[in-house]
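Q: One structure, pasted below without further comment.
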Amino acid sequence: MLRMSGLILTLVLVTAAYEQDESEPLSPRTARFSASSPSDVARCLNGALQVGCSAFACLDNSTCNTDGMHEICRSFLHGAAKFDTQGKTFVKESLKCIANGITSKVFLTIRRCSSFQKMISEVQEECYSKLDLCSVAQSNPEAMGEVAQVPSQFPNRYYSTLLQSLLTCDEDTVEQVRAGLVSRLEPEMGVLFQLLQTKACPPSAAGGTGPVGAGGSWRWPMGPPMFKIQPNLRSRDPTHLFAKKRSTSS
């Protein structure tokens, strides 16, 4: 019933590459904007239109590694015609909600990169939840699958936030997103993930001990990802990387 192994491995590149321990000290060069950057970014956001992607273009021009939202915005606008009426409204209102949220909080967080990046992700997730992303995805699975494509700058935290929000949806919607991701991977990687997807779920997943959100839906764990993938015991190759057994008594 659970088909999590392929989905988890499809998303590992998204989350594992950018997650940072908040307690990790940041160097002055990477932790803060240059002397003129805070006012430039804030002025750009305050002068940007409340519709469209102009506000997110301001984030691409920062020196705090906040790229990603602009590309997500353009993907939504490019695919808006494929959504139904509810979906079109969601595209318009979600982009406006995120842009307004970021603009209203920019002065509180912009001087420290980690705070600024986290604020953008939180606003993004709040707007998706408020405007019922899952309901839109359920009625527009193909259109949403096209929007949730691997971005040119990969990985990035805002693309991951979009995927994590979609993972709280029903199983059919999650499968649609997963299939769309795999279809856009390089052929070799796509084959690898398809093969790994056919493996049985780890005992912990089968026993229902994996991370479960409200209403029984699966949710991507926010801590460091851990994977326990085992091949079929009868066909185990003792020399294979994945065939190494965990020592229990020796």
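Cβ from N, Cα, C; glycine included.
Below are the features listed in Swiss-Prot for this protein:
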DISULFID  C44-C58  disulfide bond
DISULFID  C53-C73  disulfide bond
DISULFID  C64-C113  disulfide bond
DISULFID  C97-C127  disulfide bond
DISULFID  C134-C169  disulfide bond
CARBOHYD  N61  N-linked glycosylation site
REGION    228-250  region 'Disordered'
SIGNAL    1-17  signal peptide
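I would like each feature placed in context: is it buried or exposed, what are its neighbours, and how far apart are things?
A: Under the three-state DSSP scheme, C58 (disulfide bond) falls in the helix class.
Shown in sequence order, H70, C73, R74, L77, L95 are the residues of the chain, 6+ apart in sequence, with a C-beta less than 8 angstroms from the C-beta of C53 (disulfide bond).
There are 22 other Cβ atoms within 10 Å of the Cβ belonging to C64 (disulfide bond).
Taking the Cβ of C97 (disulfide bond) as centre and 10 Å as the limit, one finds 18 other Cβ atoms among all the protein chains shown. Annotation note: C97 (disulfide bond) sits in a helical segment as assigned by DSSP.
Annotation note: C169 (disulfide bond) sits in a coil segment as assigned by DSSP. Counting every protein chain shown, 20 other Cβ atoms lie within 10 Å of the Cβ of C169 (disulfide bond).
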Q: C-alpha of C113 (disulfide bond) to C-alpha of C58 (disulfide bond): distance in Å?
A: 15
Q: Among all chains shown, work out which of the disulfide-bonded residues C44, C58, C113, C127, C134 has the most CB atoms within 10 A of its CB.
A: C58
